[in-house]
């Protein structure tokens, strides 16, 4: 799995 | 950014534009729950505390500022605008904020990805957003007449998180992203809460009838 950063969502 | 994510953000944005249009052009907030709108302000403020600390993209920052600004202005209109505030259905909008805020906060303290201020607030905002529509749905159920704008507003708001579910599926399978149970499950709950509303909304649309929720 890669970066998977959900903080980049709104 | 994939198409589902963009569709989600755009339906979210459109729902807010629709509501602001109702408030500014029609000078009415009839059928709109101030409780739900205040919960959204709390959701955005707690989720976007990283706005000044972490930069993701121009799009991301602008959207955050728009969501913060519009949600605060909607609450301002409903509370203080001399014409708009008189159309507010105060007597039927009686859902208590604290019954949603407190459990969500406790849950965020217990279940989070990391016990830091930013992470706990971010988690709290996801839990609270999942249930923030409840006062609005209760108000709709108590309303005899639901105007088209209000019905469409709630529909777009529900569609927004449904698109996000597709976005998470896409990111997981196509973009190889990690499992993220907290946003996924709260997003799933958030969408599921609309199921009943979706059913009656689509039914009334197919039959070309006025939307009415059974009490």
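Glycine is treated like the rest: Cβ placed from N, Cα and C.
Now, the feature entries from TrEMBL:
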{"type": "SIGNAL", "residues": "B:1-25", "note": "signal peptide"}
{"type": "TRANSMEM", "residues": "B:58-77", "note": "transmembrane segment"}
{"type": "TRANSMEM", "residues": "B:98-115", "note": "transmembrane segment"}
{"type": "TRANSMEM", "residues": "B:121-140", "note": "transmembrane segment"}
{"type": "TRANSMEM", "residues": "B:152-170", "note": "transmembrane segment"}
{"type": "TRANSMEM", "residues": "B:182-202", "note": "transmembrane segment"}
Residues of the parent chain within Cβ reach of the signal peptide (B:1-25), under 8 Å, 6 or more residues beyond its termini: 32, 59, 63, 66-67, 70-71, 73-74, 77-78, 81, 84, 149-150, 152-154, 156-157, 159-164, 166-167, 170-171, 174-175
Segment proximity, the transmembrane segment (B:58-77) to the transmembrane segment (B:182-202), 3 or more C-beta pairs under 8 Å: no
Outside the transmembrane segment (B:98-115), six or more residues from its ends: residues with CB under 8 Å to it: 39, 42, 121, 123-124, 127-128, 131-132, 134, 182
The transmembrane segment (B:152-170) touching the transmembrane segment (B:121-140) per 3+ Cβ pairs under 8 Å rule: yes
Contacting positions for the transmembrane segment (B:58-77) when only residues 6+ beyond its ends and CB under 8 Å are counted: 1, 9, 12-13, 16, 19-20, 23-24, 29, 34, 37-38, 40-41, 44-45, 48, 51, 84-85
